[in-house]
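Take a look at the structure below.
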Amino acid sequence: MTISPPEREANGKIVVDRDPVKTSFERWGKPGHFSRSLAKGPNTTTWIWNLHADAHDFDSHTNDLEDISRKVFSAHFGQLAVIFIWLSGMYFHGARFSNYEAWLSDPTHIKPSAQVVWPIVGQEILNGDVGGGFQGVQITSGFFQLWRASGIVNEQQLYTTAIGGLIAAGLMFFAGWFHYHKAAPKLEWFQNAESMMNHHLAGLLGLGSLSWAGHQIHVSLPVNQLLDAGVDPKEIPLPHEFVMNRELMAQLYPSFAKGLAPFFTLNWGEYSDFLTFRGGLNPVTGGLWLTDTVHHHVAIAVLFIVAGHMYRTNWGIGHSMKEILEAHKGPFTGEGHKGLYEILTTSWHAQLGLNLALMGSLSIIVAHHMYAMPPYPYLATDYGTQLSLFTHHMWIGGFCIVGGAAHAAIFMVRDYDPTNNYNNLLDRVIRHRDAIISHLNWVCIFLGFHSFGLYIHNDTMSALGRPQDMFSDTAIQLQPVFAQFVQNRNYLAPGFSAPNALASSSAVWGGDVVAVGGKVAMMPIQLGTSDFLVHHIHAFTIHVTVLILLKGVLFARSSRLIPDKANLGFRFPCDGPGRGGTCQVSAWDHVFLGLFWMYNCLSIVIFHFSWKMQSDVWGSVTAQGVSHITGGNFAQSANTINGWLRDFLWAQASQVIQSYGSALSAYGLMFLGAHFVWAFSLMFLFSGRGYWQELIESIVWAHNKLKVAPAIQPRALSITQGRAVGVAHYLLGGIATTWAFFLARIIAVG
């Protein structure tokens, strides 16, 4: 940390431009108003594609970084407004169309539903019996469990929150307009990294966590304590009574009677009745102990509020981002991070690339924690919701990571300045990119042949009737010894590092089965040869995805094939006429290919999760022991490709294929329709532009014959447009097919 003399740095002030851009509905009503060429209107059908491609590409509207920054800032408010409207809609459905109050009274037998289908052409068949005398569509979003954890006990509270969401959305829309049209920040404000870090760390994350912890302590904890004890939700006092009435709280948590005295006398242990460190799961609800999660949020708040005082602003004390980055150099790293500060304050694509990669990774981490340490009451035994949340957070993470590579490549093409990056780490990485990519390529080939080869060996031995020669837990074992070591170490860890904890962080590591209402919430997950095999497929597909995306970024500006690639832009079909073999080399095309491998990769991950949980974790608990949904068949079947096809895909597709005539029939139709959407994508991916142009010209000729020729000339999609439409339908079709397959299966058997 450095303390600077007062004269060294000018104090930052918040400076805005007043009324910089006129509010004009007339201008907004004109399609393509942001571009001179688009504003002229359409001559050919390509116009509508360019309109969509460029509407949010603010770089193409202007070169003025200040105006681009303001547009991005304003758009963020619009994004938040849409999120608030969506959230409000969720809460409104909970209030108006759901069985939330019934579910709250008996969460182990009644299933969550917040959607009732109208009886038009027989669609009321979709309203299944979810228990408690309610007919509706079973939902798997986890909102009911979240609401219970928040301390919501009736529909009135959901209505109120829904209205609050709409008010928040209105405020966001207003802020977005106000900060672009009325008081727009100057560029310096957007580039003041230290202030931004302090405010986001201390304000957003620190005070955000603290206020949530406050809500949990004063509302969630007492409400959940009473619900767990079997008190009727209608008898539970209203939230403000817990907040106002200390005696009421002291009945549940005796330390409340002492007020703030223990805090100021440093006897913080007094508060251990509601700030706990138990570990494991609450045996009543199958969720994390809420007193543990409150403790976690208080701790997070303290950490981030401290972190939010770390950077030097107007007080001449603290860290400077630029100084930290420029001091970051070692004996083998040349100029180190010199020049990165300038990149991160002038290229929003560089910022976005980093943030997407990190947020995507975080989403994948969340997916894994949500099942291993279920944070909300009765979430763990709602298998459909558990499967949906895992799948959802994996897909979101995958898309964010690919988006990170996309914006990193856009940064390389549009914003990278070689003169400011001489011999720093970025320059050095780009200069030895051949070594990086060729080594990564070797790793991909090694992983691909070896992981796939193990399966091929097993399929061959299985077909020849030689089970004793297969890699399996009962023949030639390939145990994941390192993973088993990590599991065991985490299981034993509390004994060494947290002796007062009742259990380890997750039941996954070892210990007893946690059962709620006769269903397994979580239990130790045994890893064996089948897991070892599929984990190496995961390693292979992850590395190939990274290879494609990283090659796209590192070769975005130039390559041996096309030395002047930077001049062609982020997306281009080929390097002009007369240069064969230069198509599909743009940075955009690498993102396009990366999306397919991301899809491959995550499909195998969610299939592994779905089958492993049904085989080894989820099931019912009786006096005789645990009976799993698929009876532990993962270890025997998942070590051959045939086993995956026969005992997972085919065996578990029976529910969706046979769903017609039942409340799950919508999933059967979606399964069919999404397959169709997926197949439709192939028409775009395997086609040539000239073929369609010829066909279009025939059709236009016929229209001319009939004197009904269109004024806007029809054009075949460009190569890039066709690939974009293709990959969009490929992913949409694939994801919706998987969705229907998973939900029909797990709702039927779970």
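From the backbone N, Cα and C atoms, a Cβ is placed for every residue, glycine too.
Sequence annotations record features per position, and here Swiss-Prot assigns [4Fe-4S] cluster binding site to Cys574, Cys583 based on sequence analysis. Summarising the annotation, Swiss-Prot assigns chlorophyll a' binding site to His675 and lists sequence analysis as the type of evidence. Taken from Swiss-Prot, the feature chlorophyll a binding site covers Met683, Tyr691. Among the features that Swiss-Prot reports, phylloquinone binding site is placed at Trp692, with the record citing sequence analysis. According to Swiss-Prot, the feature transmembrane segment maps to 72-95, 158-181, 197-221, 293-311, 348-371, 387-413, 435-457, 532-550, 590-611, 664-686, 724-744.
Annotated features taken from Swiss-Prot, shown on the structure.
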residue : record                        : DSSP (3 states)
Cys574  : [4Fe-4S] cluster binding site : coil
Cys583  : [4Fe-4S] cluster binding site : coil
His675  : chlorophyll a' binding site   : helix
Met683  : chlorophyll a binding site    : helix
Tyr691  : chlorophyll a binding site    : helix
Within the chain of Cys574 ([4Fe-4S] cluster binding site), which residues six or more apart in sequence place their C-beta under 8 angstroms from its C-beta?
Thr582, Cys583, Gln584, Val585, Ile719
Distance, Met683 (chlorophyll a binding site) to the residue listed as 'phylloquinone binding site' (CA atoms, angstrom):
11
Please report how many Å separate the Cα atom of Tyr691 (chlorophyll a binding site) from that of His675 (chlorophyll a' binding site), as a whole number.
25
Quick one: Cα separation, His675 (chlorophyll a' binding site) versus Met683 (chlorophyll a binding site), in Å?
13
Within the same chain, where does the transmembrane segment (72-95) have neighbours whose Cβ lies under 8 angstroms from its own Cβ atoms, ignoring anything closer than 6 residues to its ends? I mean 6 or more beyond.
56, 58, 114-115, 141, 143-144, 147, 155-156, 158-159, 161-166, 168-170, 172-173, 175-177, 179-180, 185, 190, 348
For Tyr691, Trp692, listed as binding-site residues, tell me which one has the smallest number of other Cβ atoms within 10 Å.
Tyr691
Sequence-remote partners of the transmembrane segment (532-550) [C-beta within less than 8 Å, at least six residues beyond its ends]:
401-402, 405, 436-437, 440-441, 443-444, 447-448, 450-452, 454-455, 458, 471, 478-480, 483, 590-591, 593-594, 597-598, 600-601, 604-605, 608, 638-639
Across all the protein chains here, work out how many other Cβ atoms are within 10 Å of the Cβ of Cys583 ([4Fe-4S] cluster binding site).
13
Tell me which residues of the chain lie with their Cβ under 8 angstroms from that of Met683 (chlorophyll a binding site), as long as they are six or more apart in sequence?
Gly726
